[in-house]
Amino acid sequence: KNLGLSDTMVDLVVAGAKVGAVFGPFLAGYIMTKAGRRASLVVGAFFFFVGPIVMAASSVSAKGLDMMVGRFIVGLGIGQCSVVVPAYLGETTPSACRGFVVELYEVSLVFGMILASAVDYLLTDIPNDWRYMVGVPAIPGFLLMLGPFFLPESPRWLVMKGREKEALQVLHTIRHAPGRVKDDRSTPEVENELLEIWSDVKHVEASEKEVSQILHRRRGGQGASAAGDYAAGESAGEVNEIEPSSPAANGS
């Protein structure tokens, strides 16, 4: 209403976030594989920070295009964080409390929606209230962008990159065993968990290699592209796993 948008443009603005949410998981999978889970968290939070600012700065002359772009950016953040947050929690949380932590994440999403409605209500009927309503989410987005710098990297990703010693240090820290790992020694439980992660990673890599070879034999030159698509799908599926498949990681 304040921007004088047509019904069609309003629909496009609303759809902007949904479109962004479609592409967000693909971007998340790429960043998670190349740069790590923490980096993907930072990028997702960056979208939550920039998107609201773009929307709050919308002008009438843009005829809703800037609002649509802002919504699309927020959608990228939604799609990205919907993948990387459960993955990070699943890869860093002990199996004994993993279910509780994941449920706490889901409850936090609902609480955030309720809080957003309450803030919007408080901002109603003030000059340019809509700008504040769409711009205030940039504040938690900024805080979320800082958070990953204080978190450890996923031990699974470290193992994927051949950095087992760092993964052991991370596991030693987050499993409530204070102190640094010296002379490559740690508790048997942590060492066993690292071995389970390493075995699972190698199993996934072997499966991807086998499928790639099959596709190359059957499809010739098109096999590489198909194998790449499969690997991307494997990454997308893998990051949505809440619990590792290994018996030890499941506490059995």
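Even glycines carry a Cβ here, placed using N, Cα and C.
Listed in TrEMBL:
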- 1-252: domain 'Major facilitator superfamily (MFS) profile' (DOMAIN)
- 12-32: transmembrane segment (TRANSMEM)
- 39-62: transmembrane segment (TRANSMEM)
- 68-89: transmembrane segment (TRANSMEM)
- 101-124: transmembrane segment (TRANSMEM)
- 130-151: transmembrane segment (TRANSMEM)
- 213-252: region 'Disordered' (REGION)
Beyond the flanks of the transmembrane segment (39-62) by at least 6 residues, Cβ under 8 Å: 3-4, 20, 24, 27-28, 31-32, 69-77, 80-81, 83-85, 88, 131-132, 134-138, 140-142, 144-145, 147-149, 151
Residues of the parent chain within Cβ reach of the transmembrane segment (68-89), under 8 Å, 6 or more residues beyond its termini: 9, 12-14, 16-25, 27-29, 31-32, 37-38, 40-41, 43-48, 50-56, 58, 98, 101-102, 105, 134, 137, 141, 151, 154, 236, 238-242
Stretch-averaged pLDDT - the domain 'Major facilitator superfamily (MFS) profile' (1-252): 82
